[in-house]
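According to TrEMBL, the feature compositional bias 'Basic and acidic residues' maps to 114-124. If you look up TrEMBL, you'll see 43-76, 265-298 marked as domain 'Connexin N-terminal'. Positions annotated as domain 'Connexin cysteine-rich' by TrEMBL: 146-212, 366-432. Under the heading region 'Disordered', TrEMBL lists 100-124, 458-514. The transmembrane segment annotation in TrEMBL covers 21-41, 75-94, 135-155, 188-214, 246-264, 299-317, 356-377, 408-434.
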Amino acid sequence: MGEWDLIGQLFDSLQAHSPMLGRFWLFLMLVFRIVILGTVATDLFDDEQEEFACNTLQPGCKQVCYDMAFPISMYRFWVFHIIIISTPALLYLLRSPTRPATTPPPPATPAGGKWEEREERKEREEREERRLRRLYLVNVAFRLVAEVAVLLGQWRLYGFKVDAQYPCSRFPCPYTVDCFVSRPAEKTIFLCFYFAVGVVSGVSSLVELFYAAFKWFCQRTETRPADEWSMRSGGGKTHSPMLGRFWLFLMLVFRILILGTVATDLFEDEQEEFACNTLQPGCKQVCYDMAFPISMYRFWVFHIVLISTPALLYLLYVMHHLSKKKPDATRDDTASSGHAGGGKVGREERRLRRLYLVNVAFRLVAEVAVLLGQLWLYGFKVQAHFPCSRFPCPHTVDCFVSRPAEKTIFLCFYFAVGVVSGVSSLVELFYAAIKWFCPRPRRRCSYLSQNLSNWRREEEEGSMKPGGGGKVPPYGAPSSMKLKRGPVRSSGVRKTSGVGHKSSRHPSTRIYVM
């Protein structure tokens, strides 16, 4: 598949000069911005103008009031945000893989020509390396400026809360009318979430800028091209026991697959099919916001992203760690460490295992927190009937949810999957900690085989003695001899042999162990 090779080459050119913080920024961009915006935010903002209601029937009033409340849709603003902060990295990608090849060196002189040719090639490569590093720093600086500018724009346009009610007196409204937004609580959650992701992204870009500048131009360290974007490197699976793969199976099949196939249609028209027994404009919107502060579908998507984040960060670190290891150094460390597991390789192995346990612990905490949040928000049953008395409802109205029994089944199913996932993470945490860090006594050699070998040696020495007719009874024959644990004296040398030899009074050096 040539397209994957091309994508791999593009990512290699981006991250060949990118420290760990640059890969963390890329992770934030892909998972917390592109994935969430492309999966759940589309449905949230799809019908925002259609569900924007004003308490007047004057033609054109709804349109001008919506334009006043939202000069640009938040969804499209965040798409512009992603494009703007990605542009410097894309320009760097276009520059890196298509950089012109170095010109061939001049013909070598008879004396020392090959050495001069190597030196010139090395000098050209170093100049190209420094140029690419400067371009990467310029890319990070522009990304940081764009991030700060877009965050200020978001704060200026929307603030930190989406109001449920907007008073409007623009022409052609006959008077000051009240307009109501659909899903204000859910949109407020998204607004704060994207602002927090932007702050984290900006801080990581700032730290990356200073760290990379200090590392490359003050310490003069070398940068090796990395290959962690290759699909063949199975770095994270090495430290994952069977329970970790069982958790991954739960995640892929019982959460992502089911949520992406059948749950999408179930929750697609939930606000459209939410009905109240009144025609008062805006009453339906505020009552739906009271019944479902955040849609269950989007809550479960946040759940998946939240509990997957520690594993993805661990995988990102392992790939970064593997890209920094040299094969020759690995072989030398393995040879020097021996069977005891010491040395540099042993320390790196222990550090990766500790990080894996931290990943499982964070996953467990996130799982428990999200389960408690689901229990607090929705309980174990979706009610078919919601009484509501919020403004602008004229009285306590009755609102009705579409498909409450089916949504109850999904609610209990996802809660059960979360409980199984949390229990498996807890068992995996203790199992891996005991297996990796609690010392177990080594299994000693079989005492029976050691005793048999000592008996045979005794027989051979007895047969080699001149005139030695005494036989040592085989193992298992009735004898007064007792085999004790540890060093004991051989009772066969204390007795007088049948030929009349005196037994030695010195203890035998043979050792029999049980």
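Numbers run from 1 along the shown chain.
Cβ from N, Cα, C; glycine included.
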Inset, instruction - Quick one: find which recorded stretch in 21-41, 75-94, 135-155, 188-214, 408-434 has the most Cβ pairs under 8 Å with the transmembrane segment (246-264). - result: 408-434
Legend entry - Any contact, the transmembrane segment (188-214) to the transmembrane segment (356-377), with at least 3 Cβ pairs under 8 A: no
Legend entry - Among 75-94, 135-155, 299-317, 408-434, stretch most in contact with the transmembrane segment (356-377) (C-beta, under 8 angstroms): 408-434
Inset, instruction - Count, for each of 135-155, 299-317, 408-434, the Cβ pairs lying under 8 Å from the transmembrane segment (21-41), and report the range with the highest count. - result: 299-317
Legend entry - Residue counts (helix, strand, coil, in that order) that DSSP gives for the domain 'Connexin cysteine-rich' (146-212): 42 helix, 8 strand, 17 coil
Inset, instruction - Note the mean pLDDT of the domain 'Connexin cysteine-rich' (366-432), expressed as a whole number. - result: 91
